[in-house]
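Undergrad: Attaching a single structure in structure tokens format; questions to follow.
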Amino acid sequence: MNETRERLLDAAERLYAERGIDAVSLREIVQAAGARNATAVQYHFGDRAGIVRAIFARHAPEIEARRHALLDAYEADGGTGGRALAAALVRPMAARLGDASGRAFLQIWADVVNRPRPLLPLAVPDDPPEPGAGGGAAQPPKTDSLCRWRDLVEPVLEEDAARLHRRFTAILYAATELARRARSGPRTDDRLFTSYLIDVVAAILGAPVSEETRRLADERDAARR
């Protein structure tokens, strides 16, 4: 494995977590990595999105394996239970709280998903964004565990909840809370935090849509036609 490439990834991961993606220049990453070539990031990753994608790729194998295993168990049990689906979203990410690189990744992931124009196609598979929210990259492949999670959640949601992007809301909330926990530093035990986050995500997915919200959504949709 290329040593310079890994040093660049380490530096980018640390700086992006500390300051946010938009606040860090490629030059600063090169300097922090101790690379001699000023264009080292462009050489190895192409651009900012490329280095963020590489950071995601570092953590993806374990996250994907954990989530697919949880979704396999969900389907084997008959595909019922909103908390099991909430756990499949949260637990693979919460497992990254155990090491510094994982905590940095969680902060970067939250930065990526909490923006109107997605930086990466693999960040948040969901329904189309609201008009005026900005475009986005192409959707991730269907083998992505978040895409599989999205498909399994869909039949569990009320129809109105689905059209109001309830899955996206659950992902955003989980990402924000995991990043907040990651920023607070290593803990001796994350089990209570993780279990309660699963409870809240399950509540988000299962909350009924009020008559007021349904009426306002109908008015919005009628105005778009």
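Positions of Cβ are set from backbone N, Cα and C atoms, glycine also.
TrEMBL lists 2-63 with the feature domain 'HTH tetR-type'. The annotation region 'Disordered' is assigned in TrEMBL to 121-144.
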Undergrad: Can you give me the average pLDDT across the domain 'HTH tetR-type' (2-63), rounded to a whole number?
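TA: The predicted confidence over the domain 'HTH tetR-type' (2-63), as a mean pLDDT, is 95.
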Undergrad: Would you mind splitting the domain 'HTH tetR-type' (2-63) into helix, strand and coil residue counts from DSSP?
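TA: Across the domain 'HTH tetR-type' (2-63), the residues distribute as 50 helix, 0 strand, 12 coil.
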